[in-house]
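Scroll down for the structure; my scribbles are underneath it.
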Amino acid sequence: MGTPETSREPCPDRILDDIGGAFGMGAVGGSAFHFIKGTYNSPKGSRFVGGTQSVSMNAPRTGGSFAVWGGLFSTFDCTMVYLRQKEDPWNSIIAGAATGGFLSMRQGAGAASRSAIFGGVLLALIEGAGIMLNKVLAQPQNMMMEDPGMQGMPGMQGMQGMPGMPGMQGMPGMQGMQMGQMQSQAQIRSESQNQNTASSSSSSSWFGGLFDKKKEEVQPGSESKTEVLESFDAPPVPSFEFK
């Protein structure tokens with residue numbers, strides 16, 4: 001059984017991609033957090049130096065922790081995709097719970113179970129927010145696609161997104177403009193077809209005229225030859241009888 005096709009990267013590449021992305025997020029976010037913390041905790045006159053030292057000491061560790069979490073999450077996610085043979089939010093929720101529980105196993109069963117519940121709830125909230133955001137973004141597109149009167153006219157699709165333009169469909173002149181444009185397009189197409197047929201007929205008539213002339217020139221000659229042969233009388237057969 002193979003991994004089903006999804007919009008994300010395949011599982012080996014997905015794991016590496018998530019590890020790199022999580023490390024980048026942890027490094028950038030950790031740098032900002034530890035710089036502010038080091039600046040606040042440093043004495044006056046050396047706050048900037050204290051902030052940079054705090055970043056250099058703690059930001060790589062934070063990025064590594066994020067990378068470990070992202071790698072384990074992607075591994076569990078790919079495992080669920082392989083076992084269930086489908087891609088849905090439940091894979092991410094189960095992977096988040098498994099990751100939280102796995103990272104807290106050294107602290108005991110109670111801490112591992114609490115971390116698993118926290119990871120599952122966190123991933124459920126993230127997946128729910130993503131689904132709601134996709135629905136909200138998909139509604140305007142569906143409304144534009146379901147509008148049958150404005151799709152046929154060129155440039156109306158861009159005008160639908162402008163404020164104050166939803167009432168353009170009900171105007172009495174819009175249908176007449178659309179019919180006029182359709183008729184003009186049909187006339188242009190018919191004229192182009194007529195020009196093509198006229199050019200092809202003229203070329204064929206030109207070649208046909210040449211061949212017809214040759215035929216006409218050949219046919220009178222052949223008729224004259226036959227007429228001359230028919231009018232010519234054969235000579236009498238000589239006889240050798242003595243008279």
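Just so you know, glycine gets a Cβ as well, placed from its N, Cα and C.
Features reported for this protein in Swiss-Prot:
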{"type": "COMPBIAS", "residues": "166-183", "note": "compositional bias 'Low complexity'"}
{"type": "COMPBIAS", "residues": "184-198", "note": "compositional bias 'Polar residues'"}
{"type": "COMPBIAS", "residues": "211-228", "note": "compositional bias 'Basic and acidic residues'"}
{"type": "REGION", "residues": "149-178", "note": "region '10 X approximate repeats GMQ/P'"}
{"type": "REGION", "residues": "166-243", "note": "region 'Disordered'"}
{"type": "TRANSMEM", "residues": "19-36", "note": "transmembrane segment"}
{"type": "TRANSMEM", "residues": "66-83", "note": "transmembrane segment"}
{"type": "TRANSMEM", "residues": "90-109", "note": "transmembrane segment"}
{"type": "TRANSMEM", "residues": "115-137", "note": "transmembrane segment"}
Determine which residues of the chain contact the transmembrane segment (66-83) at the Cβ level, with the cut-off under 8 Å and only residues 6 or more beyond its ends counted. 1, 3-4, 6, 11, 14-15, 17-23, 25-27, 30, 90-92, 94-96, 98-99, 102-103
May I ask for the residues of the chain that lie six or more residues beyond the transmembrane segment (19-36) and have a Cβ under 8 Å from a Cβ within it? 51-52, 54-55, 57-67, 69-71, 74
